[in-house]
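Undergrad: Below are the features listed in TrEMBL for this protein:
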type	residues	note
ACT_SITE	His52	active site, proton acceptor
BINDING	Pro150	substrate binding site
BINDING	His180	heme b binding site
DISULFID	Cys21-Cys102	disulfide bond
DISULFID	Cys54-Cys59	disulfide bond
DISULFID	Cys108-Cys310	disulfide bond
DISULFID	Cys187-Cys219	disulfide bond
SITE	Arg48	site 'Transition state stabilizer'
Amino acid sequence: FFLVFIPCNARLKHDFYKKTCPNVEKIIYNVASQKLLEAPVTAAGALRIFFHDCFVEGCDASVLIASSKTNKAERDSEINLSLPGDGYEVFFRAKRALELQCPGIVSCADIMAIATRDLVHLAGGPRWEVPKGRRDGLISKASRVEGNLPHVNQTISQTISLFKSKGLSTLDMVALSGGHTIGFSHCKEFMPRIYSYNKTHDIDPTMNQDFARSLRGSCPKSKKLDPTVVALNDVSTPFVFDNFYYKNIKKGLGLLATDQMLLLDSRTRAYVKRMADAKTAFFKHFVVAMIKLSNIGVKTGKDGEIRRDCGSFNG
């Protein structure tokens, strides 16, 4: 258990639901642990969705909103179409359980922050205290997503700059990238690395060549890629939240170009080595980064609402 003292959003409190919904943490934990038993990919899915939520409009559960006839919502923007259903399901399920116990009290945004923490911990990662009191956002538009989320073909400078614009440091970025120690990626996200990389190399030379050839087996070169085929982000311990992501990068086993670049850039290399050498160092930095992430663009009071159903606005 990590006790990290960093300034959290002044309007959030650890005991926010002490009187109104005292069992909030227990209820969410029970839902999260049950869902993880059913589908081990849930932890990675929830972590990714939480990240995608906080980087667009802040941590306000706007990514959970379903599109309507008059509004194309965030979750239907192209970059969010690959977000996994199991991740969404754990948040919706936790909300339904809480509505039975304390109706209209706990925001979907707080549920996302707490459930993501629980799933990371259940998968073997660190645990931390989640400050609460977020409200759910009143806007969710696909048009606001572009430019707010990192892409696999970005340079390190572009990624560092994006994280900085959200109040996150280069160290935070490297620590949050360690979330790739669980989960998977779709073929299209790494295909340019394993086929016709450039005029000199067929395969990205920074990649372990045997690893690249093995990926060709599951992702054959074809005009129409099967969107259901995925590769594990961490070939060593794909369902355990540990520091093997960093160990793999040192061996050329980073799946995405942006993963491998962390070792090649002088601004990030030392952080990768530090976290590869010590799991405790990774966990410590990850916790600090997650608390900072969960504070981005938080809405309180009249700036938001407590949604009755996480998938649609009240009204």
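Just so you know, glycine gets a Cβ as well, placed from its N, Cα and C.
TrEMBL: automatically predicted annotations, no manual curation.
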Undergrad: C-alpha of Cys102 (disulfide bond) to C-alpha of Pro150 (substrate binding site): distance in Å?
TA: 37
Undergrad: Taking 10 A as the limit, how many CB atoms besides its own sit near the CB of Cys102 (disulfide bond)?
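TA: Taking every protein chain into account, the count is 16.
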Undergrad: Looking at the recorded positions Cys21, Cys108, His180, Cys310, which has the shortest Cα distance to Cys54 (disulfide bond)?
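TA: Minimum Cα distance from Cys54 (disulfide bond) across Cys21, Cys108, His180, Cys310 lands on Cys108.
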Undergrad: For Cys219 (disulfide bond), which residues of its chain lie six or more apart in sequence with Cβ-Cβ distance below 8 Å?
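TA: Sequence-distant Cβ neighbours: Cys187, Phe190, Met191, Ile194, Leu225, Val229, Ala231.
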Undergrad: Just name the winner among Cys108, Cys187 (the disulfide-bonded residues) by count of other CB atoms within 10 A of its CB.
TA: Cys108
Undergrad: Rounded to an integer, what is the Cα-Cα distance in Å between Cys108 (disulfide bond) and Pro150 (substrate binding site)?
TA: 24
Undergrad: Among the disulfide-bonded residues listed here (Cys21, Cys54, Cys59, Cys310), identify the one with the smallest other-Cβ count within 10 Å.
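TA: Fewest other Cβ atoms within 10 Å, among the disulfide-bonded residues Cys21, Cys54, Cys59, Cys310, is found for Cys21.
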Undergrad: Can you name the recorded positions among Cys59, Pro150, His180 whose CA is within 10 A of the CA of Arg48 (site 'Transition state stabilizer')?
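TA: For Arg48 (site 'Transition state stabilizer'), the recorded positions whose Cα atoms are within 10 Å come to His180.
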